[in-house]
Amino acid sequence: MDPFTEKLLERTRARRENLQRKMAERPTAVARSAPHAKRGREPLSEASNQQQPLPGGEEKSCTKPSPSKKRCSDKIEVGAPDLENTEPIDVAKPCSPMPAPRQAKPPAPAAISESVAAPAALLSADRGLNSGSEASATSSVKTRMQRLAEQRRHWDSDLTDDVSESSYFAPVPTEDKAASPSKPPISNASATPVGRRGRLANLAATICSWEDDVSHSSAKQNSVQEQPGTACLSKSSSASGASASINSSSVQQEATCCSPRDGNASVRKDPSSNAAHGPLLSASVSSSVKASSPVTAATFITENREAQNPELLHKTASPLKTEARKPCEKPTLSQGAQPKEEANREVCLQSQSKDKLATPGGRGIKPFLERFGERCQEHSKESPSYRASHKTPNITPNTKAIQERLFKQNTCSSTTHLAQQLKQEREKELACLRGRLDKGNLWSAEKNEKSRSKHLETKQEVHCQNTPLKKHQTVASTPLTSVTDKVAENEPAVKLSSTEPAGSTESEMTKSSPLKITLFLEEEKSLKVASDLEVEQNTEAVREVEMSVDDEDINSSRVINDIFSDVLEEGELDVEKSQEEMDQVGAENSEEQEDALNISSMSLLAPLAQTVGVVSLENVISSPPSELRDSNLSAASPKPGKFQRTRVPRAESADSLGSEDRDLLYSIDAYRSQRFKETERPSIKQVIVRKEDVTSKLGEKKNVFSGQVNIKQKMQELNNDINLQQTVIYQASQALNCCVDEEHGKGSLEEAEAERLLLIATEKRALLIDELNKLKSEGPQRRNKTSVISQSEFAPSKGSVTLSEICLPLKADFVCSTAQKTDASNYYYLIMLKAGAEQMVATPLASTANSLSGDALTFPTTFTLHDVSNDFEINIEVYSLVQKKDSLGPDKKKKASKSKAITPKRLLTSITSKSSLHSSVMASPGGLGAVRTSNFTLVGSHTLSLSSVGDTKFALDKVPFLSPLEGHICLKISCQVNSAVEEKGFLTIFEDVSGFGAWHRRWCVLSGNCISYWTYPDDERRKNPIGRINLANCISHQIEPANREFCARRNTLELITVRPQREDDRETLVSQCRDTLCVTKNWLSADTKEERDLWMQKLNQVIVDIRLWQPDACYKPVGKP
């Protein structure tokens, strides 16, 4: 037995002993009136957490001195005041329970895991009402009576009070019993023989009923657990209510509300049924729903007994006769009254069970007895007889009408009940959902033997219940009972307003299902283990929504969907799965499908019932495509599958056993495995390259570069560029053809710009044609030569050349004359830079009018040519354009304007003059007037190379004699090598230490032109290097492995550097002084041959780049090449 169950049993035992001690200490009571006797009976008045009692009119009678007797009768006895009062106002009083003390922890269903016979012996005959059906097969009537008599012998002299009361209460008409089916006076052992005979007669009738109906133990057990003034709650609901009652804090409110509802309901039922058994009929509705077949069998037996012994029937309210009469009288009563009456009574039951099940007979013991009966029913449920015993009562339109009428009559007293009931439903939701979360995979152990019974139970309780609460009573399904009780202890009480509107009819309440959404809210909270603040916020939202549960003008489902739209996506998964199972089970019974399904605001937890009750792994089925069900549910819906819900597609197969397991992982390892699988990344094979073959890498790079340049593709690109330039030439020519006079732009800056564009396009087209011809003539042979060279030697890296601060000096005489002559011609200059066909740029136009700075024209633009090799050649070409002013005076213009008449001679003259004027342009191969040649003329050129770096003034070639240019061009040229050779690693360096050679392991970093080394890698960021080796000072033609004759260490490379000699230099093992230079021999040893080769490749690349791009910055190599 687990510690939790043992603790519950200990607390129950302590409570019982405390009650016995308290009752023994009470003095012998004299005959008292019913209300006073009722007030005096408070065995648990000193228990912890007791709330203030209600007014005396609403207190419960409790005159029996023994807790054992209370337990024996606490579910079926009729309260003394009930039997005396016949008016409905008085009838209501006994049903209002005293504020039950909040017990620290009610007994959990786990405590009921014992066999059926064992608890009967444990609890003695006082619990025989719960276990009598099982024990009746092995005990006789005489044995039981003896046991009861012996049990009551240790009760003290207080019994006289009870005897007088019981003998006085027994003959009262049973019409008053309708108010509250409380305890019948069956077991008072006192000095008065009448009282004893009456009790024994009652007990005999009860036991006879058990023996006659022993085969239907499960149904009887379920109904024996009824509470006074309440309908017989199904086992799961009772357990759920008992477990959820831990955090209840509204006993008085609920107890107060319970009274008027039951009284009114029973009074209204009397005209339509036997007055003596109205309440008993209503109390049996849920039992008949759960197991109508066995109870009906018991009905015929007990009815025969009633005909034979009517006096005994009035005197004794045997629980089994009560149970048996209910289904028997159901046909006589229109079935609408039953569910409504049961709804009212179940509301009261929920309130009482939530608050420690405060019943008149035994307030502290009821939860344990109920759970014992529930466990017994669990065992009996597994048998086929139990499954076969489920029947569904038929519901007619008259039933619905009576239900609505009764509900309207009771709305005044049900307002507070609704609020309290909704609160209990919230707590049960949380308990069940967290029970699911805690239970995890443990459900799969009971899958084979209990899944079918669970399906039937859920189907009948959700699909076939007539009352609002019955739909909710399946929340605590049997596998969840113990977990529910455990979780309920830590569950925060959800406080709801007690002034909730409750004026809508049954059919109106079926249109809204806010609690379904509330279920998803609570489920999300339990699954995510939200913080208390988040729980309070969600509860506030629930409270706001629940205030309009029964408002007929608001579609609560739509409102809550808006509020909890994000919660629905997660919560609907399990509900949808369960809903499909409900549809399948419901389709098997055509009779049940014809019945109407009444859903009120009290029964909106049906989705929860489906989720929890059908959560076994067999229900994992593929959901159909997503669809939105209708928000409003018709009252005559034949299936429970019409609740409003958003179907969420779930990609799971029917045989996927792990679907629920994936949702509710039960261990950290399982969660981690699931998480890693879900976030599985593509497998990346990480390789730490310490033996990289740089030679092959460089070879591949060069081969790829040469191979990727397809000849045909290159030729196609050149042709496209040629066509593009041809288009530019044509457009520029058309623009220039329009410049015929000053009015049309002749001599303007626009004309000069058009000439510039024409010049650039023409020159570029010529370069592209030249490149195309080279490709056609040489083909791939020329590129193969370069690739062979690059493979045999280390190819230098590409670089970039930057030209800036370009200026073009002019002759001083020309500058002076231009300044004096304002009507002189305009001189435009243009510098064009050519570095092959693909890289050609031109400067903007510079004129003597606006770009003259001193005696030179300045070009502020900076040009950078990228990806040029070390043997680059940049051709600088200077072009000039002279725009002369119009020499015609104003008189000639006037005369020309006068002769406007066109004569044949003038027309011929104009044609011939135009032809002579544009004769130079007509020679274009594009046709007459198609294209033009630029009027820019070349006035100087120069070729720049790497050797030009460092100079700023270059002489121009081909300068005309009368040109205004001085003959030089000034610019600044700079080069940058795009070499990104870097390497890091450990090398062992040979050093001279006091004349002795020593190898020291260093962390070496090759960056730029230097090798810097430290002792440790971390020192690179914190300390200055121990030493540096400048590769620009290397005089070796190529870095090679050290000669083994001089250096025996393997994997060693030799690097010889020189530097100017210093005064303190002297010869060591690694350095020698020659003339004015100090030559140092550096031996660097790698760990492996591959690493040595890698370092050699990197160092050689750096040396090549230095020597080719910075020839003046390094020493020339010495020795053989």
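Glycine too: its Cβ is placed from the backbone N, Cα and C atoms.
Just one residue in Ser180, Ser383 has phosphoserine written against it in Swiss-Prot, and it is Ser180. Just one residue in Ser623, Ser637, Ser963 has phosphoserine written against it in Swiss-Prot, and it is Ser637. In Swiss-Prot, the annotation phosphoserine falls on Ser73, out of Ser73, Ser139, Ser578.
Candidates Ser526, Ser653, Ser792 were compared with Swiss-Prot; the annotation phosphoserine appears at Ser653. Just one residue in Ser351, Ser656, Ser797, Ser945 has phosphoserine written against it in Swiss-Prot, and it is Ser656. Per-residue pLDDT, averaged across the region 'Interaction with CD2AP' (1-154), gives 53. Here the Cβ of Met1 (N-acetylmethionine) has 11 other Cβ atoms within 10 Å, regardless of which shown protein chain they belong to. Under DSSP, Met1 (N-acetylmethionine) is assigned to coil, being neither helix nor strand in the three-state scheme.
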